[in-house]
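Right, one structure below, let's go through it.
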Amino acid sequence: MNPNQKIITIGSVSLGLVVLNILLHIVSITITVLVLPGNGNNGSCNETVIREYNETVRIEKVTQWHNTNVIEYIERPESDHFMNNTEPLCDVKGFAPFSKDNGIRIGSRGHVFVIREPFVSCSPTECRTFFLTQGSLLNDKHSNGTVKDRSPYRTLMSVEIGQSPNVYQARFEAVAWSATACHDGKKWMTIGVTGPDAKAVAVVHYGGIPTDVIQSWAGDISRTQESSCTCIQGECYWVMTDGPANRQAQYRAFKAKQGKIIGQTEISFNGGHIEECSCYPNEGKVECVCRDNWTGTNRPVLVISSDLSYRVGYLCAGLPSDTPRGEDSQFTGSCTSPMGNQGYGVKGFGFRQGNDVWMGRTISRTSRSGFEVLKVRNGWIQNSKDQIKRQVVVDNLNWSGYSGSFTLPVELTKRSCLVPCFWVEMIRGKPEETTIWTSSSSIVMCGVDHEIADWSWHDGAILPFDIDKM
């Protein structure tokens, strides 16, 4: 057989195979369309199948029609009732790790936001990590100078708890350089403070839509909690400060329902200073442990009732929990007055357990490094130094930062009490390290019925980054 004959033979065989393949497809389609629908045994071919995923990314409505899937993304159904949140706090023996985002480690090569002030808040179906971005990414030129607290680029965003604050999973919440957020059982409410120092505005969002505003009333950097607000039976409470950071300022508690402000009260606290309150629900009231940035190394305590009446004072315990602070042995404690005569401070938290108190603090007395939680017997009502439990979360060789409180609602845990939880921010970069940026990651711990061993769940990123070497 000569070469031309070989080519003709191969071509003929190939053409025959193509024709046979086409015929087989025609037969397959004919059987699918005409025969299978009539046999009564293929009920799933021409119907809609709903797949619900227990996550915030999406719910898929999948329509299957003749072997073709049509996917439509639909919104998560809203709950039809408010959370109660009038239960007492659970009594806990220690705190177990809930999540760790490792955002800075991942951000050395991933698209992760430069952030500060992360916090956690929970709905009946999920917990989310909220954070204030700087409008820039780690290891990028726009991260330069992000040690600054307030800028027009800062926004409140959130991810499902445990995720890094990355570009692909983050959800926009509000334009803000100070913020709070909480869920009433039906929708998320967020408050973002932004604007110039003298005329800042707090914008209330409910279900993602702006619903109300609060204008600065003292004209001096109006600001809020940097942690979860508190919703009880559909009404949500939070605390704001307006005025100097190092002397007497003005303080207000607010109440909103479905994103509309329905009440506010001025908190009279002459000689005391309140900032960055960490609040939680307990037996139908809102209990807050705050920051005194003026003179006290003990923390202000604010208890708010549903009618916005309140009690204000200081955490009674005979151990200081702010930073910087003096020696424990030199501290006496007070339920009514600032003690310690140390300016500045750091956001922190405490939980009432009957008359006892769990309180968090940095291990270092002078810098934001290390972190521990202490349980002090009768520390909520007396100047007690009786430390009955201690747990290390970050060792003193590693940086910490802000810390704050939240609770797991009974809808999540199926318990009859609210589980107390806290988060610890771990600040990296400026001013303590040689970088052009400042950012943070966080570790989240929740109360359990067991004692938990000391360990260090520190940030762990190796600095400087490439951008810092240019």
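The backbone N, Cα and C atoms fix where each Cβ goes, glycine too.
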Given that Swiss-Prot annotates D292, G296 as binding Ca(2+), state which candidate in D307, D322 belongs to that site as well.
-> D322
Cysteine from C277, C279 that Swiss-Prot links to C290 by a disulfide bond | C277
Entries of C236, C277, C279, G296, C335, C421 which, being recorded positions, have CA atoms within 10 angstroms of C229 (disulfide bond) | C236, C277, C279
Nonlocal neighbours by CB distance (under 8 Å) for C446 (disulfide bond), same chain, sequence gap 6 or more | F95, A96, F98, L408, V419, P420, C421
Grouping DSSP H, G, I as helix and E, B as strand, the residues of the region 'Involved in apical transport and lipid raft association' (11-32) number 22 helix, 0 strand, 0 coil
Could you state the CA-to-CA distance between C90 (disulfide bond) and D149 (active site, proton donor/acceptor) to the nearest Å?
-> 35
Secondary structure of N293 (N-linked glycosylation site) (DSSP, helix/strand/coil) = coil
Nearest of the recorded positions (D149, D292, G296, D322, Y402) to C182 (disulfide bond), judged by Cα-Cα distance = Y402
Quick one, of the recorded positions D149, D322, which Cβ has the fewest other Cβ within 10 Å?
-> D149
